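The structure under discussion appears below in the form of structure tokens.
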């Protein structure tokens, strides 16, 4: 896997270490009689999966709640990427066990489900260690949730971690328009799952399975539904998204990620496209050209490299060298000069010497990153790296991580400060923190706040950057030169294209 940890603006490695924990919840409609609480950890794929689980259960009478104590069904949608992932889940289950006992005593039975990659990896062990769990379901079989919940009503303690032959996407239900609108103007769309790379530090091939790609028509249908309910930006996601290899029934030919994005970009009403996460080895010429040729494709790319040492890259089974990555970056920047880059780094991989670590720092200096995620290597059971005898001392790993993060933070702040005084096209997404304020995202995924009318939510507007804080910008809304937006947020495709072409010409220092 390439390192599925993309996030708009990584506030710190500590926030990244928190695994983007997201608790989903909304006000219950009166027509529903049961309440659902979903807590999702990890990558964007888990956010997408959590939404699909809620959509599957809505016809069963479940409405989401933000309070676990109000729930009839609690789902922990877990991630297995980081250190001690399973133990964190068991710690959370300990709290839920007490909650379940309290609710049971009050005459309100509660079901607990463990889903996601920890469920896939641990399986029966979860039931053995925590008797309060009713169901364990893997990421490739959660489309069976309604049926499985009916079964656990009579036989608690079920495990379904199979990799079924049928495509789970054929069984997922489309969300209701009001639910899409509630989730905002941006949405994730899974186009690819699994990974065939087998990096020696990574569990994803074992928990998510082999690479599979959805058909083009199914993806376009999902995006069309999202656009109709107000979505203006989609992020195409996959564990190794640029390995996408679908089929396009319109052309009768195989489809790449680049050709898929061209189809998506042509859909009326959609303003922006992003994709994540990518592996350098699958960054083909057509995908690089897409950054030049598709105005709606944002100039931000998360492309994990993990290390700057050829020796460590070989030990990680990355199948590329540091020089290959640097050449790739040069080609991408030649195609899209204003592109901002993000990456993942692992320090303290077994066998890493001080010289290997210095090579990583040198690569960072040479590339210049707008943002990045960085981690100490942690042994993942069942992966080749975990069995190596040359493990690095924890103190050494901590020291190296601190040095690396200091350099990355310096680059991030320099990138953000370079935006002050510039005019950026901002997609406004929601009301801001204060009255009269609206919040949005720049093309580079930074959060931005400006004084403006809520009618502008769902539109792209030019904003002058006034201040650059550690994690967000403050800007001044400018009058559009391409015509007025409607209150519904419909924007002319021509105006958007001109704005993004102008943005493309800006030199972005790092």
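Note that Cβ sites are derived from N, Cα and C of the backbone, with glycine treated the same way.
Over in Swiss-Prot, the protein carries these features:
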BINDING   43, 79, 117  [4Fe-4S] cluster 1 binding site
BINDING   195, 199, 202  [4Fe-4S] cluster 2 binding site
COMPBIAS  484-493  compositional bias 'Polar residues'
DOMAIN    34-154  domain 'MTTase N-terminal'
DOMAIN    181-414  domain 'Radical SAM core'
DOMAIN    417-479  domain 'TRAM'
REGION    1-25  region 'Disordered'
REGION    484-510  region 'Disordered'
According to DSSP, folded down to helix, strand and coil, what is residue 117 ([4Fe-4S] cluster 1 binding site)? helix
Pop the Cα-Cα gap between residue 43 ([4Fe-4S] cluster 1 binding site) and residue 199 ([4Fe-4S] cluster 2 binding site) into the table, whole Å please. 18
Integer Å value for the Cα distance linking residue 79 ([4Fe-4S] cluster 1 binding site) with residue 195 ([4Fe-4S] cluster 2 binding site) is 15
Measuring Cα to Cα, how far is residue 117 ([4Fe-4S] cluster 1 binding site) from residue 202 ([4Fe-4S] cluster 2 binding site) in Å? 12
Protein Cβ atoms within 10 Å of residue 117 ([4Fe-4S] cluster 1 binding site), excluding its own: 26
Reported mean pLDDT - the domain 'TRAM' (417-479): 96
Using C-alpha atoms only, work out the spacing between residue 43 ([4Fe-4S] cluster 1 binding site) and residue 202 ([4Fe-4S] cluster 2 binding site) and round it to an integer in Å. 14
So how many of the residues in the domain 'MTTase N-terminal' (34-154) end up helix, strand or coil by DSSP? 64 helix, 25 strand, 32 coil
Take the domain 'TRAM' (417-479) and count its residues per DSSP category (helix H/G/I, strand E/B, coil), listing them in that order. 4 helix, 34 strand, 25 coil
